[in-house]
């Protein structure tokens with residue numbers, strides 16, 4: 001019988017966390033694995049434990065990857081990159097793997113001159129060799145200067161260092177149509193690693209774009225008011241008609257999709273009228289928003305102690321319903337103890353003109369929410385958002401606007417929070433995160449954009465432990481109301497059914513370390529973040545030892561951008577699908593911490609599995 | 001209060017059948033609809049009834065669309081296109097709509113000369129005007145010669161006919177980055193129609209292709225043996241390692257995905273060895289296949305009468321199990337009356353060497369099927385396919401090969417089918433259609449390819465009533481074993497849960513009309529196909545009146561290609577998820593009738609709803 005080839009698989013090929021992937025690879029008969037850095041960073045296993053786990057499973061660790069953007073025309077940047085590499089060499093020693101994948105750079109400062117590139121690769125190889133390690137250099141198909149295997153070979157050949165060789169990836173080579181025949185002429189001992197992938201021939205030409213990815217006006221990136229204006233100026237008198245080929249709409253409830261579609265045309269007509277073409281708008285303009293009025297959470301008994309530990313005070317009890325008002329700074333959370341798992345039941349925004357906001361929402365076909373109400377209660381205008389969340393228009397404290405103040409519905413308990421020092425520094429609600437049903441993500445974006453007059457903000461996509469998640473934020477012009485919407489791009493699989501991305505309320509603080517310390521001292525269930533995350537943070541950002549120790553101690557996630565940083569500490573998921581986060585924005589950071597979302601999601605999942613194990 | 005713009009929506013924007021779409025559009029507040037031709041063709045409502053239905057709902061029919069590839073440099077082709085147009089004008093009159101969308105041609109014979117194009121558009125407009133209709137000409141962004149609005153306007157301007165104007169589509173214009181400002185200079189009475197769509201900025205660059213759509217070797221289009229051979233020739237001694245970024249694998253069971261992945265490397269090593277590089281293959285070669293041995297259906301009592309009506313005879317009863325053998329020609333169907341909804345429980349193929357085939361399957365990690373067996377029963381080697389179907393390796397009648405003959409398990413009933421004229425002309429099994437679970441479509445392709453030694457055949461994608469369906473066929477070199485695999489591209493939505501694409505057994509016949517007549521006379525529940533389908537077939541193919549009448553009468557679906565035709569008559573879905581089809585291949589037709597699949601699926605769904613209504 002013949003010999004089986006030695007086989008390996010990159011952990012990125014498989015779903016789940018490292019704890020799922022390693023036994024799956026071993027059971028399938030693989031001899032080794034490539035450890036993909038984000039899998040390690042999100043794992044609670046220190047590298048040495050990963051090494052032992054693999055050894056137990058009979059798996060070698062054949063590669064650690066990737067190390068990106070090594071070379072640089074900026075000597076200072078190159079020095080920082082070497083420092084980062086030394087950190088990763090330490091990780092490799094602990095893993096017990098001797099080869100690291102270095103991809104060709106995609107950065108603007110990537111080195112074009114092949115001799116300088118060879119020199120920098122030589123310097124890296126020299127450091128690797130000193131620790132018994134070696135560098136496999138790979139041409140990414142979209143590398144800035146090095147994007148074919150012959151260019152990567154040219155650099156490696158010139159660098160001429162025994163600890164430096166090539167990694168060949170079939171995708172990068174065949175996707176560009178390169179002829180692989182000349183590979184046979186490269187010395188075999190310079191081929192350090194081989195990565196294999198197949199792919200269908202794909203091109204997102206305009207035909208595919210058109211047939212699968214069209215959206216209703218206001219859901220995409222086109223300037224449609226700028227398109228409609230000249231058409232109306234020409235004298236077109238026919239209907240505004242939608243022709244939208246979209247894979248998601250093709251399988252969603254047509255009654256819902258039609259409402260969404262019709263709303264998009266009313267909003268388009270409004271936006272075009274604002275440019276002076278077409279009839280007057282059909283709805284009143286969206287009144288200005290002044291912030292989040294409250295978030296209502298349906299809850300069981302587990303929530304109240306957590307709110308208390310986070311410095312909230314129970315300031316009021318509803319006159320007729322099992323609803324409590326909790327407050328700290330400008331953050332107000334209503335706890336609806338009607339039971340059921342913890343979930344966001346309602347959002348309320350502060351509106352300059354709640355009745356006008358409600359009329360606009362109705363005009364835009366937002367489903368009006370029937371509401372039972374006792375004789376002394378506020379007649380809050382409310383509609384239902386696409387994910388079923390109730391949306392209230394309030395003007396807290398303005399008793400002159402009929403029905404817009406809601407505080408009178410609550411009997412004060414006499415408790416106060418921040419005023420008497422019991423708070424932990426929460427100043428208000430930064431934003432609310434809402435995972436959307438797969439069929440209604442684009443609908444939700446348009447709903448908030450049109451009904452509340454919000455504008456699309458950041459968008460993103462990240463690889464969560466159970467698959468890709470797409471994010472889109474909507475904000476008002478003053479950034480006082482922010483919503484972060486997410487959706488699983490392929491719906492949940494049979495392997496990982498149910499909720500993958502929980503809802504959350506991000507609470508604004510000025511000092512996340514102080515707030516988290518106080519919360520933990522009071523018993524708040526803060527989410528532990530793996531050490532590997534901080535080792536990587538250290539390699540990337542060179543934070544002070546003290547700061548890093550505090551982060552590690554409290555579970556701070558730190559997203560750094562050119563403009564500033566987004567620091568957050570999350571609680572565990574609280575008895576349902578909601579967690580709370582303490583969020584500090586530093587400098588001009590205007591994002592939502594999505595870079596850290598996969599790490600946070602893996603940590604939440606780990607906690608859930610641990611709880612389930614305890615129960616079982 | 002201001003005036004609401006007149007709004008319309010193309011039926012293609014919404015999921016479901018026309019019966020779902022029209023009320024959804026009306027309820028959402030639309031004033032009109034564009035009737036998308038495939039929706040009408042799949043509908044049982046004659047055009048006049050669609051007109052009444054729309055009128056009842058308060059909807060105008062603003063556009064019928066699309067008419068494709070009108071102009072031609074070939075005068076004969078152009079004459080045929082005018083004939084086709086006259087047919088569609090008749091449909092429009094019945095619908096009560098006066099405007100048809102004509103897209104710029106994408107065909108190789110499209111007219112480049114703008115004066116000839118104008119002349120042909122003028123000729124069409126003249127015919128339309130004679131019937132009180134008008135033509136809205138639209139530049140597709142990917143039109144062969146006319147792909148910008150200024151080119152379409154140039155042709156319309158030169159044609160200079162009052163029944164000819166423009167249709168402007170925001171997608172086609174903005175996706176190409178055209179400046180819409182000059183639209184304001186076109187006379188308003190020449191703007192016949194306006195279609196609106198938004199879209200995200202998208203490009204399937206190599207980065208996106210790489211991060212989302214990689215596949216395991218053998219699942220895509222790359223020549224990986226041709227890539228691996230020079231790498232091995234160079235002297236590479238490291239592992240074959242997989243690096244596959246794939247959105248589906250990212251959310252699928254990692255244990256399953258790892259087995260699939262490992263199988264792909266064994267098969268790659270085998271294929272590379274066949275080119276003279278690398279070690280010998282690790283598994284025995286796939287033995288030759290001689291055809292389908294049988295298909296086993298789990299069934300309730302509803303199936304037997306249908307098989308009888310289709311001319312099958314119950315030729316044997318299993319010695320120990322509630323299994324019946326039904327036969328006609330070389331087609332054998334086992335009916336397993338253990339109960340449960342009707343479904344494909346097992347496939348059996350005729351193998352030149354069943355034990356070797358089983359050893360190969362085991363070596364490629366196919367799960368071996370444990371099988372209970374009485375003392376006198378055949379020890380058929382069997383494995384489980386990715387969708388759970390059992391797969392048997394047989395050599396029917398070859399008692400010399402131990403365990404490979406299965407016919408001895410059955411006690412003959414004495415009944416025969418085709419021999420005594422009771423059959424309807426079924427000669428064998430043409431192919432089996434198997435809808436795959438979303439997470440395992442690529443795995444299934446690779447499974448059949450490697451385990452059975454089949455090769456990928458046709459691939460396709462079609463818009464079914466509940467969303468896109470992807471198809472891929474696998475066949476042996478002699479085309480004696482064919483499997484058609486399908487998958488819903490976005491998994492089922494909440495609006496349309498459960499099975500959308502049933503399994504089927506395609507039965508080969510030489511004369512589908514005679515076979516269908518005989519089956520119907522015997523009471524087989526043949527699927528009715530809407531008249532609209534035949535009206536369209538007539539417009540396209542100019543079939544004889546008799547032939548068309550027979551098609552209409554029996555529900556024949558006719559897919560025409562350059563090489564021949566695929567004619568099929570389907571039964572209703574039989575008490576579960578299976579239907580049977582009578583299939584006649586004419587000429588060199590080598591496909592699977594996928595062009596007609598949306599019509600067939602809409603008809604099946606209509607029958608199901610009708611049955612549910614009867615029950616309720």
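Here the Cβ of each residue, glycine as well, is placed from N, Cα and C on the backbone.
Keep in mind that TrEMBL annotations are predicted by a computer and have not been checked by a curator.
Of the listed candidates (B:109, B:113, B:169), TrEMBL assigns B:169 to the same divalent metal cation site as B:138, B:195, B:243. By a Cβ separation below 8 angstroms, chain A lies close to these of the binding-site residues B:138, B:169, B:195: B:169, B:195. Residues in the domain 'VOC' (B:428-572) partition by DSSP class (helix H, G, I; strand E, B; coil) as 45 helix, 55 strand, 45 coil. Counted over every protein chain shown, other Cβ atoms within 10 Å are most numerous around B:243 among the binding-site residues B:169, B:243. A simple way to gauge crowding: the CB of residue B:195 (divalent metal cation binding site) has 24 other CB atoms within 10 angstroms, across all the protein chains here. Cβ environment of residue B:138 (divalent metal cation binding site): B:66, B:101, B:102, B:103, B:104, B:152, B:166, B:167, B:168, B:169, B:172, B:195 lie under 8 Å away, each six or more residues apart in the same chain. DSSP gives residue B:195 (divalent metal cation binding site) a strand state.
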